[in-house]
Amino acid sequence: MIIRSPEPEVKILVDRDPVKTSFEAWAKPGHFSRTIAKGPETTTWIWNLHADAHDFDSHTSDLEEISRKIFSAHFGQLSIIFLWLSGMYFHGARFSNYEAWLSDPTHIGPSAQVVWPIVGQEILNGDVGGGFRGIQITSGFFQIWRASGITSELQLYCTAIGALVFAALMLFAGWFHYHKAAPKLAWFQDVESMLNHHLAGLLGLGSLSWAGHQIHVSLPINQFLNAGVDPKEIPLPHELILNRDLLAQLYPSFAEGATPFFTLNWSKYADFLTFRGGLDPVTGGLWLTDTAHHHLAIAILFLIAGHMYRTNWGIGHGLKDILEAHKGPFTGQGHKGLYEILTTSWHAQLALNLAMLGSLTIVVAHHMYAMPPYPYLATDYGTQLSLFTHHMWIGGFLIVGAAAHAAIFMVRDYDPTTRYNDLLDRVLRHRDAIISHLNWACIFLGFHSFGLYIHNDTMSALGRPQDMFSDTAIQLQPVFAQWIQNTHALAPSATAPGATASTSLTWGGSDLVAVGGKVALLPIPLGTADFLVHHIHAFTIHVTVLILLKGVLFARSSRLIPDKANLGFRFPCDGPGRGGTCQVSAWDHVFLGLFWMYNSISVVIFHFSWKMQSDVWGSISDQGVVTHITGGNFAQSSITINGWLRDFLWAQASQVIQSYGSSLSAYGLFFLGAHFVWAFSLMFLFSGRGYWQELIESIVWAHNKLKVAPATQPRALSIVQGRAVGVTHYLLGGIATTWAFFLARIIAVG
């Protein structure tokens, strides 16, 4: 930490009325580009309009103007998010059985959509229990609402209206901070101030206010609900906030007010700030007193973190100093120059943020089932499966986005003349070693992981089960994973004497939590089958990284195309006249990376879905005997490719294939339709531009004959456009197929 004289304070941070509000410009498609604004001559125009509308770099090269457009667009994004949230809460208030579910969450399923009786579609309204007919939802909103202490549909209405107000406010802010008071570039680049505000404000005060809400509103209301009190009898949030005696009846330490806090006698508060570990046996969710404690602790950490950086007062860390001090014995100039990169290239900044947020989203996916945070979430198998799948897909997309923007940074924002011997330059100079080693790792993982399966298929086909890799023949136990599980299972007694259970029941031990006769969570055994599929995960992830990293490291130049940077981020080939140079642009690497990301995530969600149905989810008898949905068949069936096809894909597709004539029939139709969308993508991916141009010209001839030819000349999609349309339908079709398959299955059997 350096103490120096105060830096001169920045006085004027905004420009007033920089861009006049013009409806004429809004009404003109492509007003941001001279070429597009002329209007369409060929059908390529509409594609270019979509490609460039949000590519602010192509509108202007002025960094301040680009920054303002991004900033304004963020408010628009927030507005849409608030609108979406409002819609969710409105559906809960207007069309749902939330109050009925609240009174009996183990026998009544969540529903917030009732289909109108048009041409027989009301068949979709299944019986979710309690006399309510509607579509069963798997978003987890009911569980979140209960955890936050919402007890009536009126409260949901109020929240929905509140979210609408915020949506309007965000729209206004987006307009105001672009047209009326637009921040100067210096404001966007003041990273210390931004860190202080984001850490202390958003994360610190945000967590503190949530912890406050949990303690004063959620905890007491959930106490009442768990005790079986009728939601209509429970005191309202404002009564709990204003009347300390009410809370003191549930949590005696409330009677003492803030005295224990100021006298440092904090253990007094242990009745509502706990450290128990494990799950609440009534709801199958984390102890809400544990999560309140967690948010309070997080708030303290971030409030401290938000006071670490030097702004107008000459005390604290400067980010530039920190980065430039980061030098190792083998890293040359180290992080020198990184500060300039991250304050002038928003693509570089975004790439880092997407990589971290994507990884975090995948971590969230895993925590949602291992440490289910909301009441009655763990026993709602459809929601558990949906939340895992959703967060895995989102994480995958965000990580591919990170590679995309890293490559755009390399092409558009990287200045090789000012970068010498810093970390980035050193990575670029030994990129051949990185990529060739990574390629070797992919080949090794691919052949060995797949080879283990093929061995098992062969032995199985030859009737030699004793020669297979399995828990009952040649064992390949995941010993490191089992060691980690065991360490965590034993941890509470050693590292956290106050805790009664480990962080997650999945680690091991003898604990099993069941709610209403359904398993919430139990220790998850790992064996040979998990060892095999884990190495498939390692393989697919490494291939995805290989493709994406190659795209970034060779975005500016390669031996094949030394001047690649001049061709831009996306180009079809370095031609004409140079064969063998197609599909080398940074954009093409993102395109190819998306397919492998899809492979990676598919294997993960298949593994999760089958493993949970086989070894975790199921019912428990009065004698304590657990019957799993697929009877523990994962360990012996998933060790062959044939087992995956027969006992997972085919066996579990029976529900979606036989859904016609039932309330799940929409999933059957989606299953069919999404397969079609997926197959449609192959038309774009497997045929070239010339084929379609020829066809189009013959169709145009026919139109001319009939004198119905359009003024805008039809053109085949460009190579890049065709691949973009192809990968979009491939992913959309694949994801929707999986969604229909999973939900029809789990709603029918879960």
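Every residue gets a Cβ built from N, Cα and C, even glycine.
Annotated features in Swiss-Prot:
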type	residues	note
BINDING	C573, C582	[4Fe-4S] cluster binding site
BINDING	H675	chlorophyll a' binding site
BINDING	M683, Y691	chlorophyll a binding site
BINDING	W692	phylloquinone binding site
TRANSMEM	70-93	transmembrane segment
TRANSMEM	156-179	transmembrane segment
TRANSMEM	195-219	transmembrane segment
TRANSMEM	291-309	transmembrane segment
TRANSMEM	346-369	transmembrane segment
TRANSMEM	385-411	transmembrane segment
TRANSMEM	433-455	transmembrane segment
TRANSMEM	531-549	transmembrane segment
TRANSMEM	589-610	transmembrane segment
TRANSMEM	664-686	transmembrane segment
TRANSMEM	724-744	transmembrane segment
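Mapped onto this structure are the features recorded in Swiss-Prot.
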residue: C573; record: [4Fe-4S] cluster binding site; CB count, 10 Å: 17
residue: C582; record: [4Fe-4S] cluster binding site; CB count, 10 Å: 14
residue: H675; record: chlorophyll a' binding site; CB count, 10 Å: 15
residue: M683; record: chlorophyll a binding site; CB count, 10 Å: 13
residue: Y691; record: chlorophyll a binding site; CB count, 10 Å: 11
residue: W692; record: phylloquinone binding site; CB count, 10 Å: 17
Between Y691 (chlorophyll a binding site) and C573 ([4Fe-4S] cluster binding site): CA-CA distance (Å): 18
Within-chain partners of the transmembrane segment (291-309) [C-beta distance under 8 Å, separation at least 6 from its ends]: 191-193, 195-201, 203-208, 210-211, 214-215, 218-219, 272-275, 316-319, 373
Spatial neighbour of M683 (chlorophyll a binding site) that is closest, considering only the binding-site residues C582, H675, W692 and their CA atoms: W692
Same-chain residues at least 6 beyond the ends of the transmembrane segment (346-369) whose Cβ lies under 8 Å from its Cβ atoms: 66-67, 70, 377-378, 384, 387-388, 390-392, 394-399, 401-406, 408-409, 412-413, 521, 608, 612
Best-contacting stretch, by C-beta pairs under 8 Å, relative to the transmembrane segment (385-411) and drawn from 70-93, 433-455, 589-610, 664-686: 589-610
Secondary-structure category, per DSSP, in which M683 (chlorophyll a binding site) falls: helix
Rounded to the nearest Å - Cα separation of H675 (chlorophyll a' binding site) and the residue listed as 'phylloquinone binding site': 23
Inter-residue Cα distance where the pair is Y691 (chlorophyll a binding site) and C582 ([4Fe-4S] cluster binding site), in Å: 17
The transmembrane segment (589-610) vs the transmembrane segment (70-93): 3 or more CB pairs under 8 Å: no
DSSP three-state assignment (helix, strand or coil) for C582 ([4Fe-4S] cluster binding site): coil
